[in-house]
Amino acid sequence: LFCFLSVISFSGETRYNKDKILQGQGVDEPLSDTGFRQADAAGVFLSNVKFTHAFSSDLLRAKQASTAATIIGKNRFCKDLEIKYDARLRERKYGVAEGKPLADLKAMAKAAGEQCPSFTPSGGETLNEVRERARDFFEFLCQLAVEAGQNKQVTHSAASNSLGRSEVQSVFPWTDHCGEPELNSDNNGASKQLDANILVVSHGAYMRNWFVYFVSDLKCTLPTVLTKSQLSSVSPNTGVSHFVIKLDKENILRPEINCVCLNLDSHL
């Protein structure tokens, strides 16, 4: 089994977030002062987590000198880690409702005899289309993790001859709240190091659809304290979620997924 950890963080607040204005993809505000403070707090919170890869939405509020860059910039292990920006991590597209109050979207849905968030305004993405983007990106991450595990096997021998120097381990700050992640152990009882430890920064509606995909399609195991309403709620700005994924290289598209925590905001 190849294992990787995915830590998913929702971008910081913008002025439109505060005013409950839909941004989607066409309206892309930079972070507000509060948003920068939230990103800074998330960076401090995650500073002892050793990431091997970092991905972010290419929208301004997640990208430009903001959430992803701040988190990596404050990390003690990987300040120079390259952040890769991917359009598959963009927020849901809301079409004609973008730039309008959330109340307007609800009114559009009511007029159409539907309810949010399943309603799709003209020019917007359906929930299935968003989930397909999430599925495509997740399968890309699975392949990346398998390749990282194979590379780790190649370099393991050299690493074991490093003159006895022990590598500093990541510290997961949410373990006090959620319990330790369940990782395999080696013969000495030490925790197995993750082949890939991936930071993903995206947006609220997108991440909610990704979580639903994990649970409904991939049968993700959830914390016993998590309620259905919490699962369907949108993450707070810079909320952190932690998933441990175990991959079988013979069938990487059917992973075993364990949710350690969802939408954690104790750093705010």
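Cβ atoms here come from the backbone N, Cα and C positions, even for glycine.
Just so you know, TrEMBL annotations are computer predictions that nobody has curated.
These numbers come from a predicted model, not from an experiment.
Now, the feature entries from TrEMBL:
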type: BINDING; residues: ARG61, GLU91, ARG92, LYS93, TYR94; note: substrate binding site
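Location within the structure of each feature annotated in TrEMBL.
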| residue | record | contacts (Cβ under 8 Å, 6+ apart) |
| --- | --- | --- |
| ARG61 | substrate binding site | SER11, GLY12, THR14, GLN23, ASP28, GLU29, PRO30, LEU31, GLY35, THR67, HIS203 |
| GLU91 | substrate binding site | GLN23, GLY24, GLN25, SER57, LEU59, SER202, HIS203, GLY204, ALA205, TYR206 |
| ARG92 | substrate binding site | GLY24, GLN25, GLY124, GLU125, LEU127, VAL130, HIS203, ALA205, TYR206, ASN209 |
| LYS93 | substrate binding site | GLY24, GLN25, GLY26, GLY123, GLY124, GLU125 |
| TYR94 | substrate binding site | LEU22, GLY24, GLN25, GLY26, LEU105, PRO121, GLY124, GLU125 |
